[in-house]
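These notes concern the structure reproduced below.
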């Protein structure tokens, strides 16, 4: 069976060995006579899956002592509310850096819950770059500063994470596991799984344990981080199959050489596509400024709408899937998360070059 070149923004490509392993184990997981989907979440077989996923993630990201890993539901979108509900206590201010649509949504939810301020933004430039935080005047009563590490729609990414005098919170949904970083720099990290971690259905939260002490009482039980930390993310039935798939993806990342090896591959993949853009003589125009370019989402436009439609139609015929840009940017977007192989990027670059020669 011929597999598509999958450049979808999320849900997105999964490693083929992971899919094949899941297929093999689907009907009879570890000789239980049941699928993972049929196991009780209180069974010792599922408990081992749950524990393995947590430990693998801890190893891969070098999560230090004093932090905990939670497996939640509701996607990163629910974290837009949970973060301020738990951390934005009375009289404190939530600081937000606006770098795209997802950070805007995070801010919008926080505004419903408490006091907020925008400390930096690149909205005026249609989010073509990551704004520096060097000259920020931090409020004395700042609770945290929230950033979005990678912006899928606009194709920008923080190259270095900021050292901030207040607790740093990050939505890493679209680039977690794509490069090494220091977890201890953050108070809380969250990530929906469906880009670099596995299929949709589970959300990873990594939080510093001392944050639990500042959570106000009276929150709805399921929206209180303490509920899930105390119960090892088993307070209610977790998304067991999604966590099983997460564990398989993490095992695959370890087999590839870990997060540093992923970064090297991702740099190679992105370089192939950005080279096709930069050497096109302006036929393909990048959305992001060079210093802020994402290794995960390569965004570009063609000279006009008609050519864009032709490009996307021909790309689809060649087996390239998911290349349409978001309506707020237009043009095209290639999402090249960890599971997208270098060969797919090389094939796309080759098609881009051929298309340019015909239509430039």
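Heads up, the Cβ atoms here are built off N, Cα and C, so glycines get one too.
Feature annotation from Swiss-Prot assigns L-glutamate binding site to 42. In the three-state DSSP classification, residue 42 (L-glutamate binding site) falls within coil. Over all protein chains present, the Cβ of residue 42 (L-glutamate binding site) has 9 other Cβ atoms lying within 10 Å.
Residues annotated as pyridoxal 5'-phosphate binding site in Swiss-Prot, with sequence analysis given as evidence: 76, 77, 102, 152, 171, 194, 236, 237. Long-range Cβ proximity for residue 152 (pyridoxal 5'-phosphate binding site), meaning a same-chain Cβ under 8 A and a gap of 6 or more residues, is found for 9, 10, 100, 102, 174, 195, 294, 296, 297, 326, 333, 335.
The N6-(pyridoxal phosphate)lysine annotation in Swiss-Prot covers 195.
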Which site among 77, 194, 236, 237 has the most other CB atoms no more than 10 Å from its CB, taking these as binding-site residues?
-> 194
Within 10 angstroms of residue 42 (L-glutamate binding site), Cα basis - binding-site residues out of 76, 77, 171, 194 | none
What number of additional C-beta atoms lies within 10 angstroms of the C-beta atom of residue 171 (pyridoxal 5'-phosphate binding site)?
-> 27
For the recorded positions 76, 102, 195, the one whose C-beta sees the most other C-beta atoms within 10 angstroms = 195
